[in-house]
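A.B. asks: Pulled the feature table from TrEMBL, pasting it below:
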DOMAIN    1-359  domain 'FMN hydroxy acid dehydrogenase'
BINDING   Y24, Y129, R164, H254, R257  glyoxylate binding site
BINDING   77-79, S106, Q127, T155, K230, S252, 285-289, 308-309  FMN binding site
ACT_SITE  H254  active site, proton acceptor
Amino acid sequence: MEITNVSEYQEIAKQKLPKMVYDYYASGAEDQWTLHENRFAFTKILFRPRILIDVSKIDMTTTVLGFKISMPIMIAPTAMQKMAHPEGEYATARAASAAGTIMTLSSWATSSVEEVASTGPGIRFFQLYVYKDRNVVAQLVRRAERAGFKAIALTVDTPRLGRREADIKNRFTLPPFLTLKNFEGLDLGKMDKADDSGLASYVAGQIDRSLSWKDVKWLQTITTLPILVKGVLTAEDARIAVEAGAAGIIVSNHGARQLDYVPATIMALEEVVKAAQGRVPVFLDGGVRRGTDVFKALALGASGIFIGRPVVFSLAAEGEAGVRKVLSMLREEFELTMALSGCRSLKEITRDHIVTEWDSPHPRPAPRL
């Protein structure tokens, strides 16, 4: 069967992967309300396309933290990609590089920063979890710097792991032939079997619950890399992030895997964008499956978007070729949406190109009798 959209990869991944692995990638926290909402909320935004504009040439290029990329569609950090495919993060890195975009490598990758760097050139960011042992953190950040990574995406919504019931039922743990490669030499690369989720037990043992804004400052003392704060959902925290020296904000609810009943990221986006006041770029992570979703995010003020699950599902289905196809389908759909909306460059995408369910209704002239 020919794949014609990104979402179709999920069913293929479900058929191919062991249940424990598929459930780990696919599920959300508790009732999974936010998981559903991350997708559904995009249906509450409609287009106001402009017509009769010359759209024979469309430019989707943009810059992120000074790095030029081919399109505002980037790869979010997703953990343990070798569970999806033997080439794991190597394949994802090559696909991102071929598409001319940014890959974010997870702290909990099954390939190390050095291994991913060895796949060849590419703009890569490193997602960071802060461990209780700060020496581990400092060492990891230095390794990412040396391996040529260009920014740190600091995950700030995980002092504890969300309650993911599928992982509890499945007694989720990293398969024995894999390790969390970045921590292998520190004896932190293995995950023990537990009475619930092995990952939840690992997080409880290793991740620092005391993480606070002062640590964002501390991070700036140990690295010159720009720091993106990933996991902001409110105007209040957006303002503090800017004051704390963040180079950018990623509006994220961790793929709906942490606190259930937080809003969809597309619903939280505009509040965060307004609070940032243009002082730092704001990115959207979560729920994007179509080029139309990308356009909606940019119309609400995002500088770009990150995709997570589509990467692991396409990786499971077709390896590197699958990830390449996801990036190319989203690119083509986004380009088409721009053309049909009358936008020739990203700066031409405005708030006036959409109407949302939460907008006050546009006043209509009274009908002539």
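Positions of Cβ are set from backbone N, Cα and C atoms, glycine also.
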A.B. asks: Starting from the Cα of D285 (FMN binding site), work out which of the binding-site residues (Y24, R164, H254, R257) are within 10 Å.
C.D. replies: H254
A.B. asks: Just to confirm my parser: what is the rounded mean pLDDT across the domain 'FMN hydroxy acid dehydrogenase' (1-359)?
C.D. replies: 96
A.B. asks: How big is the Cα-to-Cα gap, in Å, between R164 (glyoxylate binding site) and K230 (FMN binding site)?
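C.D. replies: Distance (Cα to Cα, whole Å): 20 Å.
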A.B. asks: Cα-Cα, whole number of Å: R257 (glyoxylate binding site) versus R309 (FMN binding site)?
C.D. replies: 12
A.B. asks: Closest of the binding-site residues to Y24 (glyoxylate binding site), Cα to Cα, picking from Q127, R289, R309?
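C.D. replies: Nearest by Cα distance to Y24 (glyoxylate binding site): R309.
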A.B. asks: Give the number of CB atoms, excluding that of R164 (glyoxylate binding site) itself, located within 10 Å of its CB.
C.D. replies: 25
A.B. asks: Which residues, sitting 6 or more apart from R289 (FMN binding site) on the same chain, put a CB under 8 Å from its CB?
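C.D. replies: In sequence order, the residues whose Cβ lies under 8 Å from that of R289 (FMN binding site) (at least 6 apart) are N5, V6, S7, R39, P310.
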